[in-house]
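Swiss-Prot lists 136-171 with the feature domain 'EF-hand 3', giving sequence analysis as the kind of evidence. Annotation comment: Swiss-Prot describes 149, 151, 153, 155, 160 as Ca(2+) 2 binding site. Feature annotation from Swiss-Prot assigns transmembrane segment to 248-265, 303-322, 348-361, 399-418, 441-458, 500-517. Swiss-Prot lists 338-424 with the feature repeat 'Solcar 2'. Annotation comment: Swiss-Prot describes 435-525 as repeat 'Solcar 3'.
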């Protein structure tokens, strides 16, 4: 007894041929061992040749017959948004561009996300790949959601987020836990359902519980408004694994590159702070010509060496002091997590201690930036020895008081203005639960500018006190902070308190950009990932 079987195959594009073969049913077992299965490897994308994107989407949607029309539309809309160049597939550029427009998923995860989405031997994501990723990732996220949802009521609230993070070794206070909930909550219910959780975490490539907690902690709580004011927090696990020193090294290298590249702006600023007056009308352009004529191109980097050298001791001391002060404050509170204001206070205190320790290097930086050609022939240590011999130990702490007083106003005003602008944005743009990246950058820029405007007069007085002994025209000026303020207001008016602020603002964008790019590169090379 035999039966005829038809096996379809595609040849030459659309030509369909039927191949007939006789199968002896007595030897069906032997035959089965020789038959090639229909699908022996991962599917190949159907978007090939002249097949349109719409036709490919329709074909792949038909393969997932269990999807509802609403779900299909949601996946299709998301795929279209990610496919920035509309070429029918998603590559690394599409993902990076899409994530850069998201307020909560960092663009740095784009390579890992692409790896999770694409087929094994491809560098692009087809609609079929994306659909498979969404279905599988949402299933894994549902499992994570069930673990967080302790009372199984279908909603995750602040207490459950707090408990979940504690289980992963991260203690959060109520304010921080609620911050995470608010970022995910789309309905304003102060809790998160499964759909909201899946939507929020869909483009974050990991469902590992530890990774997700790190992502929440470093991207949903601490944002750009606090950068530079409060040192980075590290969990006990990160301290033990060495993540902390990798981030400090990355920050040090980034700071060195940023300061070196923007050193000319810094030297112009210092020169204008000390030498610009109402009568000589010395400006940025005339200052550039003057400095170049005196010492050439290299003169614009005077004082940069010690400015770079002081990064390491200052960063290390600030980190250690911040960690110790935090522990004391937490012990005083009975182990509770610190609030934002308390962290700001701890960070400012750590900054004050580290500034006190390295302040002599700050004074030397100012004097080296103002030196003339030939005044450093015997090296930096000889330069410091000359200062000590001529003026005594006190010279290394000239301008210390205005420097110390400038720390808290800058940090406090920066953070206050930032939070106020964020609140105003969400109040007037109610359709957005959280500001986007551009809005956050605008808030951060405005708050930083306000902080600088408030603290700049103190910085100017500090610089003049540091340079008073080596500046003949300033040697008759008062040797105290209050005396300097009175002298400037009487002789130059209110605008005299802002001499040199133009190059200070000019260096902000290149300094931040260089620092961010270098930090990310070095951090990745060292394997210090916390998101």
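The backbone N, Cα and C atoms fix where each Cβ goes, and this holds for glycine too.
Swiss-Prot feature annotations superimposed on the structure.
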| residue | record | Cβ within 10 Å |
| --- | --- | --- |
| 149 | Ca(2+) 2 binding site | 20 |
| 151 | Ca(2+) 2 binding site | 10 |
| 153 | Ca(2+) 2 binding site | 11 |
| 155 | Ca(2+) 2 binding site | 18 |
| 160 | Ca(2+) 2 binding site | 20 |
List, in sequence order, the residues of the same chain other than 149, 151, 153, 155, 160 whose Cβ lies within 8 Å of the centroid of the Cβ atoms of the recorded Ca(2+) 2 site.
-> 148, 150, 152, 154, 156, 157, 191
List, by number or range, the same-chain residues at least 6 past the transmembrane segment (303-322) whose CB is under 8 A from its CB atoms?
-> 230-232, 244, 248, 251-252, 255-256, 259-260, 263, 266-267, 270, 346-347, 349-351, 353-355, 357-358, 361-362, 364-370, 380
Grouping DSSP H, G, I as helix and E, B as strand, the residues of the domain 'EF-hand 3' (136-171) number 23 helix, 2 strand, 11 coil
Are there residues at least 6 beyond the ends of the transmembrane segment (348-361) whose Cβ is under 8 Å from a Cβ of it, and what are they?
-> 229, 231, 306, 309-310, 313-315, 317-319, 321-322, 325, 384, 396-397, 400, 403-404, 407-408, 411-412
In DSSP terms, the repeat 'Solcar 2' (338-424) comprises 72 helix, 0 strand, 15 coil
